[in-house]
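To start, the structure itself, in structure tokens.
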Amino acid sequence: MSQTSWSMMQREAIDARSGPILVSAGAGSGKTSVLVERVLTRVLDEGLDLDRLLIVTFTEAAALEMKERIKHAILARIAQGDTSARLRQNLALLPQATISTLHSFCMNVIRRGVLDLPIDPGVSVLEPAAAAILSHQALDEVLASAYQEDDPDFWAFVDAYGDDRSERSVRDVILSIHQFAKSQPHPAAWLTQVAQHLQQDALCSTLRDVHFIGAYQKMLLQRLDEVLIHYQRIASELSFTNGPDAYRQYFEERIQRVHAVKQRVLSIAWDGTEGDGLSRFPSVKDADAIKERVNEMRKQPDDRFKEVLKELKTKPAVYLEELRAAAPLLARAVALVLSFEKVYQEKKRMRGVVDFSDLEHFAHQALRDEMDGPTALARAFQEQFAEIIVDEYQDTSPIQDAVLTAVARTGEANVFQVGDVKQSIYRFRMAEPMLFLQKMQRTDQDGGKRILLTENFRSRDSVIVAVNGLFSMIMTREFGGLSYREEGVMKPAAEYKSDPDALSAPVQLLVINRASHQDEHDEEDDHEASPEMRDDDSDVLAGQAEEEEEVEASETEREAQAIAQHIRALFQAGKKVYRKALSEYTPLAYSDIAILLRAARNQATVISEVLRNYGIPCVSDQGPSFYEGVEIRIAIALLQMIDNPRQDIPLAAVLRSRIFSFSTTDLAEIRAGKRGCFFDALVEHGKLESPLKRRIASFFETLDTWRTEIRLMSPGEAVSYLLGASRWLSLCSVMERGAERVARLETLLHQAQAFDETHGGDFADFVSYVVAQHEQSQEDAPARALETQDAVQIMTIHKSKGLEFPVVFVARLGQRFRLTSKHAGIAFHRELGLGPRFVDQERRARADTLLARVIQEEERVAMLTEELRVLYVAMTRAREQLFLVGTVNDLEVAQNVWSDKARAEAPGDALSYSDLTRARTMLDWIAPVALKMQAYRDVPIVWVPYRKEDVEAPDGPVGAVGEVHLSVSPHGVKRVAHASLVDYAQRTKSAVLPAKVSVTEWKRAWDDEDAVRAPERLPSLATLRLSRQRNTPSRESGLARGTFVHAIFQQVDLTLPLHMPEVLRDEVSRLRAAGWVDPLSDEDIPYDELVSFFQSELGQRILRHPEQVRREVSFLMSIEQDAVRYREGVDDPVERLLALPDDRMKNARGGTGFVMMQGTVDAILLEGGQVSIIDYKTDRGNEDLATLVARYTRQVSAYAIALERAWKRPVAQGWLYFTARKEAVCVWPAQTNP
């Protein structure tokens, strides 16, 4: 319809008509434009009236945008002279067109089918907070009735899920089960089936017959595969380094045992007799060094293997007995949930209201008769809608999918669904990404069409290459349900004009080393989740509520400082942004920059303060919400305590606050050695003779007075009284920003007064209401860009979805995942059901059943894959420049772990399932892949390690950008107030040295006397990609040829007779076809040079022993800074490296005086226990051979020294092979012939 130029796949998505059609649209693929164009084509060109379309969007904003685009297109047609009645008719139909969210459509269905539903025709929708109050009232009635019954199963259920402090955990279990069940199309039937499955399992005589045995086997086999991978890695390293025979035999036997155990698991042939012990590790004389390394490597797999053996040691009869004990408890829980649903529905019916979940279920009920299929109303919709268009299908829940299916025609022939499962990040709203994946698998089989939109019209190549490289190795069919390499790889399609000041650098990974900050106070010790990712109650109980605004430098602050320094550097460098609408570059603005966080509630505040200290304006709609201020948190805790003082968290928070001023030490003393809830501990401690006795008595007297006074008050009166009697209002007035705090407390009071008028509940109802409002405020709102001012935008990744920014910083990537389910004490799975606890009545103990543990593992992996998709969303928001920012406890230790993972797999292989599922942070995915790509000469992600001095806060308020000079190097950015680069380098010896250098940089620093005075001459770790952008065509051609030759040497099959020209040509063709090497024209491929190498003596040695060849071997070692610097009169650098003792090499941790040296050896050949290394050089210049040898000798020497120190074995020979000259030169330890 329009004149827009569409790609072939976009055009197919616009024109495809025979359904069902599923469009998998990657990030930046123009999905929204395609969807709108499809609608416009159908309406304006094909004559389909708007009332014949059902268009379901994820948000109201998206629906409004769709209507606006259609309106403008119709008006444009009319302005061009088309005055047909049909155009005007559709313009008139537009306001009533069915373009809406699913909930709005469900309400439409309910209104049309209300006479057949058990609800009032004038039904209205409850707000979530009001629904929470009503649901709690319904649950009160259900539990009150249950408490009056003499039902042993009920009390066993309470024993399993309750505690002696309150009934909250019991209530949470019932509400959690109810919420999960309501996401199913038939909640009652699903719950009944779940209970029946467990009852049937309880009757089984063997584990082979339980309904979840397949999932249990899968869990055990995955753990055994994880163990096997680690043992094989150790065995391979021992073989490679010629380790002790006893060690190698030990791990060969261990591998055989793992295989034997796997067979037992596969055949379900264990009977509880499998031993859980492991054979003793052998003792070998004079092997202490390698023993330490092996012990370190085997600890994790040994522990995992012991876990599996312990599982198998437990007799199956024990597991079955646990299921028998749990079955009646689960049946009682299901009965309670069904009773609760009945009472809750009746309360809503009497009030003429429904909640959002009811909208979906009543709509489904109006459309689907389970006995007769589609209702008359459903058939009417099927006739009305010629096409059903569903946007963001990946975020659909099972019940929502059932509603859409009910109005679709037979076989979903009129359904067009668009989404991207890689961006499904709403599991907390019951979205089920498996629906999208399953439909992808069966669409072609059902006669439909699956269309992949993989062109990215948003981002620069540098961003796309990094995203593709990373996710090709971490998003697999086993981990994530989708092979990114097969179905997700993006193709660059954005057009950017060239400009010397453009943002075109590779993606940068800023890793902050926390080890140098251990002397500082940090509220996020041990990489625990930040306050945003922990239970808020933990902070309050720890007494941090009033102190968190005054904490010292934290990880978030240090990352914010690094981000601020990079932002200042971008402005100082005069960077420009490409404006597509204008087709020109304009100066970078602050509003072009976004900082994305996994969760932003306190972190956004910290980052904002740091940026403002640097003079950088910023804004966040994720700043502290109304409920996150300390004044509101304590006020709510006060209300909760008055309502029920036996709640630990609110009670401790109020005691710790300035209202009563108990210290954390006081609370610890009260709690120490006492059983029961904190209230009981307080009562008990008040009876003791202690300095706290009088204060505790005063507290109880005050508590009793307050509870008595409010007994007959309305909620508004009670809140007013408590804020005054507690002096909390006046205490907050004298705090920093006191006026703001008082205003918020007054707002809370107004809420209570409004509650009196609108709800008419009592004080307890208002407490439930305000707590529900607080919880609701923590959920992410729909995305929106903060474009009201020129300021850096700070937001959650969830809120950034659907947006794009020229510059993106993704921060806090070193923060641990929070993989604990919100569900209280019970595990959920759509297919496996509910995983219950059981109670051992004899020991009065409770524990999870085997089914619960299986479901918990499934849930843990599902939550991890959600984090994977969150990372994808974050990285694909960037248009031109992307920074990834994270903190680690100890960078050297972390790099060693990451390097092991990177080396474990072949160059093009994904990380192992074990490494993917054992990740604790997003950095655990990103860093190994970055190291791996770097090791194989592909550097789309540049490392920028940060030391303590790199992220110091400014010495005071910082003015405008022009008032500060920045020292910018490829390895770090450091703020230098009012000083030039030269002055700063003269004052700070180590200023120009990065925390890590490559061997090439080390060699060049010695070769170039000016290196210390001109740090910008040192190449970045992205030398290859940056040089491609900078250099001339001839230089680019040489680089491309050199990269190609290295790739061939890296990937070629060494078992073939490659010295034969025809064989080598065939092998090169195979590698080119498989995509293992970069494209190069056939005439540019130096076949003769490749053949000559394999015909040489050196090449023949490799072909004779292909199994003894290791290619592209990376290493990392610490060296003294003086070994890197050029200094006149200093001894040879190789001699300096040789003289550095092993303990200095091993123990240096990148602190003052040391830097990390990294390198990659092209090839290593093991012959008769001797090690030879080969470094390929593709120089094609006119320099003589002696000059070239002198240039590269130090580099090979450094490789040799590093390998000798790492493997504790001498390197016999170090070779340089010059491909263009077809000559080999031995430069270590002396020049000899092959």
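Placement of Cβ uses the backbone N, Cα and C atoms for every residue, glycine included.
Copied over from TrEMBL:
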- 4-460: domain 'UvrD-like helicase ATP-binding' (DOMAIN)
- ALA25, GLY26, ALA27, GLY28, SER29, GLY30, LYS31, THR32: ATP binding site (BINDING)
- 509-802: domain 'UvrD-like helicase C-terminal' (DOMAIN)
- 534-554: compositional bias 'Acidic residues' (COMPBIAS)
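Features per TrEMBL, on structure.
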{"residue": "ALA25", "record": "ATP binding site", "CB count, 10 Å": "28"}
{"residue": "GLY26", "record": "ATP binding site", "CB count, 10 Å": "23"}
{"residue": "ALA27", "record": "ATP binding site", "CB count, 10 Å": "25"}
{"residue": "GLY28", "record": "ATP binding site", "CB count, 10 Å": "25"}
{"residue": "SER29", "record": "ATP binding site", "CB count, 10 Å": "27"}
{"residue": "GLY30", "record": "ATP binding site", "CB count, 10 Å": "21"}
{"residue": "LYS31", "record": "ATP binding site", "CB count, 10 Å": "22"}
{"residue": "THR32", "record": "ATP binding site", "CB count, 10 Å": "17"}
Chain-mates of ALA25, GLY26, ALA27, GLY28, SER29, GLY30, LYS31, THR32 with C-beta within 8 Å of site centroid, ATP:
VAL34, ASP420, LEU453, ASN456, PHE457, ARG458
How would DSSP class ALA27 (ATP binding site) in three states?
coil
For THR32 (ATP binding site): DSSP state (helix, strand, coil)
helix
What mean pLDDT score does the domain 'UvrD-like helicase ATP-binding' (4-460) have in the model?
90
